[in-house]
Amino acid sequence: MTILENIRGPRDLKALSEAELGELSDEIRDFLVHAVARTGGHLGPNLGVVELTVALHRVFESPDDRILWDTGHQSYVHKLLTGRQDFSKLRSKGGLSGYPSREESAHDVIENSHASTVLGWADGLAKARQVQGERSHVVAVIGDGALTGGMAWEALNNIAAARDRPLIIVVNDNERSYAPTIGGLANHLATLRTTDGYERALAWGKDVLQRTPVVGHTVYEALHGAKKGFKDAFAPQGLFEDLGLKYLGPIDGHDIGAVESALRRAKRFHGPVLVHCLTEKGRGYEPALRDEEDHFHTVGVMDPLTCEPLGPAGGPSWTSVFGEEIVRIGEERADVVAITAAMLHPVGLAPFAERFPDRVWDVGIAEQHAAVSAAGLATGGLHPVVAVYATFLNRAFDQLLMDVALHRCGVTFVLDRAGVTGVDGASHNGMWDMSVLQVVPGLRIAAPRDADQLRTQLREAVAVDDAPTLLRFPKESVGPAVPAVDRIGGLDVLHTADRSEVLLVAVGVMAPVCLGAAELLEARGIGCTVVDPRWVKPVDPALAPLAARHRLVAVVEDNSRAAGVGSAVALALGDAEVDVPVRRFGIPEQFLAHAKRAEVLADIGLTPVDVAGRIAASLALAEPAGDRAGGPAVEQPGDGRMSGDGRIVMPAQGEN
């Protein structure tokens, strides 16, 4: 057995020799490369924290000592060392999550995986332990760009205010955020400043000098200032120490002994300490190190030797379609600019940045600032396009509401990874945007159903200069084009029937689901009209008279069914005094487990069979048994779905 295979928990690390620790690190990297290549996942960040994670678990007693991970995608090594070595179904249904998970292990504390939050968590946990008289340690690991987030600095400000509250902050500086500091004097002074003896001597000297009449305070301030200036010339800790944090480093994050030594010194303090570790993203895997874009931050299923993607080739992604079209628009309009929050490549803005380097800004992990800056750009006569993941726009709701919408700024928000994202798990599903944003006055929301509509609606959005607009689209490849057969007002009609009883409102990428459901229903003699509203907020006025000609309206959306498009449609029909029942199909009010997107949609009942079955059951409840022409009466179980042989079975969770 390998050394790694013999590790059942953190305590097994403590008896290993220096040579064995080096061998273990090599085994972990080899394991990660091959395991993540089979499933896809975050490879580069985890290759960079191998020694750091080993040192953390050798110095601290997890789970009694709480080790908290910011941006939890760098927790794979932590999982391996805490008894979770079955990576065969990583990020797959029934397998390990790609992020920390409380359901998996007592060693996992934070699982939301949104960056820059760990220091706030650590501040609260440290306060709780101090109030309760506990002596265990709280260790917050932050890095991979997370210190660009404003929340991290808000937390640092509060952490530093309590000089007597122990808390250890480990900065994983993987050369993507900080410039490394060099020089033995800097290391020596950092070590000196973090010894108990030095702190006692400093406190004694300060007390003596400040009690000396007339000159004492002046002498102390002069000496203290000279010391700070001398040290800051060699090391970057001035900012942290000015906040009141003890600074230790920089430390070679790939030297287990050096990291352990720094962490043990940090444990001896009675206040907040920051340990600065220099690491290399993608360490030990040459293809990752050669990847200038992001050092293999995330990879799909691939050959670990050639790095060639494996599996069936998909079509163009939604992201790439957006990226190509925004460049075309930029060629035509010099006023169109772009903003993203540390996601230039993932959201498709890299081609725009290459073509127009002076018209794009990456603001770091700062969605709030992105929205407010966009308001300023719009007020200055430009049209900003803010491209972020849908789940991260939640952070900028107040700014979108009060800075963009209130001021009627012409800003276009483009939400990538909207709806069910699947394998990235609960915190990365973009399933709340169309619910949360329903309350924003003046905001227009578009949900394109295919690539052509994405291109068209993006152009429609940037043409609006007196209100905010928003487009949303999912992860993965774009499906085939879904042509319209007619247009009623602003509605695209995708399907009609001679005797239509059901109006299916297909929100964006749910169009194929609705068309499939219509086909199943019509096989049972239930005629359907399928429309795509294109712009789902505000509700198109043409929908009310169309709905009035049907027995039932069903709204199908890849969004929370609570307060989503279905609710908005029901409200609009009520205001228009159209007395037709509205059934809402969407994502239930729960956090979704990681699985493939298709698996999640099936689990929550967003498939053609599920939608058709529950619509048939609803119609059966609305009339006496045997009244329907064209077939036998449908059973009336209260609610249900259509099985393959036409029977009604109990529903899944995605409808009410």
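Every residue gets a Cβ built from N, Cα and C, even glycine.
Look at Swiss-Prot and you will find HIS73, SER113, HIS114, ALA115, GLY145, ALA146, ASN174, TYR285, GLU367 tagged as thiamine diphosphate binding site, backed by sequence analysis. Among the features that Swiss-Prot reports, Mg(2+) binding site is placed at ASP144, ASN174, with the record citing sequence analysis. Under the heading region 'Disordered', Swiss-Prot lists 625-656.
Structure with Swiss-Prot features highlighted.
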residue	record	DSSP class
HIS73	thiamine diphosphate binding site	helix
HIS114	thiamine diphosphate binding site	coil
ASP144	Mg(2+) binding site	coil
ASN174	thiamine diphosphate binding site	coil
GLU367	thiamine diphosphate binding site	helix
Cα distance (Å, whole number) from ASP144 (Mg(2+) binding site) to HIS114 (thiamine diphosphate binding site): 12
Cα-Cα distance linking ASP144 (Mg(2+) binding site) and HIS73 (thiamine diphosphate binding site), given in Å to the nearest integer: 10
Among the thiamine diphosphate-binding set HIS73, SER113, HIS114, ALA115, GLY145, ALA146, ASN174, TYR285, GLU367, as the record gives it, the longest Cα-Cα distance in Å: 32
Protein Cβ atoms within 10 Å of HIS73 (thiamine diphosphate binding site), excluding its own: 23
Around the Cβ of GLU367 (thiamine diphosphate binding site), the count of other Cβ atoms that are within 10 Å: 28
